Amino acid sequence: MANVKNKKQQPGRIAITGELTIYTALELKDQLLTGLAEAEELELDLSEVGEIDAAGLQLLVMIKQQAAVSGKALSFTGHSPVVLDLLDLSGLAGFFGDPLLIVRKPL
Amino acid sequence: MIPDEYLQTFVVECKELLEQMEEALLIVEQAEQDPEIINAIFRAAHTIKGSAGMFGLDPVVEFTHAAESVLDRVRSGEVAMTSVLAALFIEAHDHLKELIGHVAEGSHPAEATDNHGKTLIARLEAYLGETPAEQPGNSGSSDNSGEMPVIQTANVEREHSDAVVGTDLWHLSLRFGPEVFRNGMDPFSFVRCLASLGSIEELVTVIDAIPAAAQMDPESCYLGFEISFSSDADKLAIDSLFNFVRSDCFIRILPPRSKASEYQRLIQELPEQEMRLGEILVKCGTLTPEELDNILRLQSQHGDAPQRPIGEVLVEQQMVSSPVVEAALAKQQQVKDNKKSEASLIRVDAEKLDELINLVGELIIAGAGTNLIARRAGMAELMESTATLSRLVEDVRDSALALRMVQIGGTFNRFTRVVRDVSKELGKDIDLVISGGDTELDKTVVEKIGDPLTHLVRNSMDHGIEAAELRLARGKSAKGTLRLNAYHDAGSIVIEVSDDGGGLNKEKILNKAIERGLVAEGANLSDKEIYNLIFEAGFSTADAVSNLSGRGVGMDVVKRNIQALRGSVDLDSIEGQGSTIRIRLPLTLAIIDGFMVGVGNASYVIPLDMVVECVELNAWASDEGDGQYLNLRGEVLPYRRLRDHFVIDGDMVQRENVVVVRYGEHKAGLVVDKLMGEFQTVIKPLGKLFSSEKSIGGFTILGSGEVALIVDVPGLMGQIEHEREAGEVVPFTRSGVVMH
């Protein structure tokens, strides 16, 4: 079960752990929007995302756009391998504009 | 390390591509501005570059890349294909050929070659410099060299919408319905599936449909993809991937090289804004900016019409698919057809074919044996079955031989280049006219005919066709014409090399021949005999020796080469109007249809193609006394008794028969004892011991295991003529011919 890590939660920083998929999208949406509303600058730590699907990706797009609309700074950090993989596949890395550590998979 | 056999295939393919390229370049050099041909050159260069890249042949890749970049500019109309540029490309082609040659031999090109390559690259790149800055999607830029090139429509100003968008990639537009997630599917799994059918060149995730946070339902899918995709799969295979989501998704698949109007329609159908979509398509590499501009311009022309109700648009969306799909299917079919014709060709090792022909030969001999036994046993059923069998064997033989048959056109086309180069060297303007290129002959013969033919062609250009001033003075056009022609005639193939030059000077030849001691002074020779003197060893009438010909070696070598193929060569000439050299070659060197005759106890085989008719001696044709000529229905026919010729003992038969044979323009009669009918003959070569015997072409093994000699009709005729001239008869001594 994925969730926002509430322990050692600090303002302006949310770590998503476990799944970022259709199964968790509904609750994550609210948590992310709340998190964004509460801070001027938000950092989303994706280092512990173990699974991500299109719904999860869509959610990230949504929150990024919402941040832009409300004029807040949002950044994603510490992309886990599955996140990197999907960003690479979708070609959306440029849209998010976060610095990524590109790891080329051996062919 | 790449296995040798792949490298071998690569080399063979490259050589073929280079040949095509050369052919196309020679056409282009003649100022033919056909975009198809330019495309052909580009494709050849691109394929060579691609495969060379796979083998890591960097020098080839580097060089081809330079050529390809220029060609791309030519194709897009930015650089004009002048004859100067075409000549440069021909040089580039030669260099490439050399590089490939080094690859084939596994050797490294010499430094001079490298330097030459660098100069050529520099010269090619000079053409790139003149054009405006690099455009996105242009394959000339190095960053996307891994992608298939995006072909620009040659003329941006083109008005009609049915221009084909020249990409080799599929284009897929996918918009997933909101229920996709809830139905347990992940759009990216389709993308991953797609990757198993080919390679995704570029994928743009369309996120425009994701609503603002408040309205967004995180469990609904708002995503779409625009994908450019390279794959050999057919439309059905790609389409069937989406079977599960078809009902609530928008899926459009455009095959490679779809019409611009189809893209236009696609843009119309998609929910996003035109400009945004256009950008996506450009980003995908599906469209070039120019193509997009064109499509959008057309779009705005139609856009003047009042906004149509949404229902109509929806109906159209359903309807629309039919013409587009039809067009797509037609395209698809075409691609498939192309592939089919590609797939129907296989490369076979020539040795395997030889082995097959050998086996068929053995089969024929074994079949003849069975036939004989059946006849002896007198069993009607067995005879019937062997008759069927031999008919089938005959068919097998024909198709086996047909496998080795190749069209002579390929050989002829090589001369386009020879003629171009030699005419430049000589400063003469000469046209090459090729006809009969689809005439087929045995591959081994084709391989061996190249050199003699080159010699004849060069000779005709050098000595035959006069300099332009002389031509004009003689009232001919300044441009000389050289013709290559081929046709089938009486079981042989005839290849003609003719020119419209000065023809041969009889006096000059005769004087030279007398001077060289080839002919006795005062000898009375026919025109033809005089002309054919030039095929004698050590003969040349050229006043000036050029580096092409005229050194007195050549024509006799040509004649010897052709005779080695059991062929003959002769020459016709009309002074002041030109000359024609005719090469006559047997179609195949392995198996022939023979006509078997008996003389005494021996059997002989005469090639059936040369047999004109058989008549009974004395009844239909009679010797009027001199023992040399027959009167065949009023025609004078030289004849020879095979019994006398081969010195065969045994009783004379009462009724002798005459087999009338024809070779070229000559006819002759061969008198034999018995006519035994048609016989499939596998030619076995005679040993060296008999190489001086001109009238025997080989031997064959009969069904009974006996040996029959094959009469070499041209050789026999030549010998008869020779003996008649010499006035003495040198009989064939049969003492050596004992074979078991």
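Cβ atoms are placed via backbone N, Cα and C, with glycine included.
Per TrEMBL, the features are as follows:
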DOMAIN    B:1-103  domain 'HPt'
MOD_RES   B:His46  phosphohistidine
DOMAIN    B:382-589  domain 'Histidine kinase'
DOMAIN    B:591-722  domain 'CheW-like'
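DSSP assignment over the domain 'CheW-like' (B:591-722) gives 20 helix, 71 strand, 41 coil. All chains included, 21 other C-beta atoms sit within 10 angstroms of the C-beta of the residue listed as 'phosphohistidine'. DSSP states for the domain 'HPt' (B:1-103), grouped as helix (H, G, I), strand (E, B) and coil, give 85 helix, 0 strand, 18 coil. Over the domain 'CheW-like' (B:591-722) the predicted model carries a mean pLDDT of 81.
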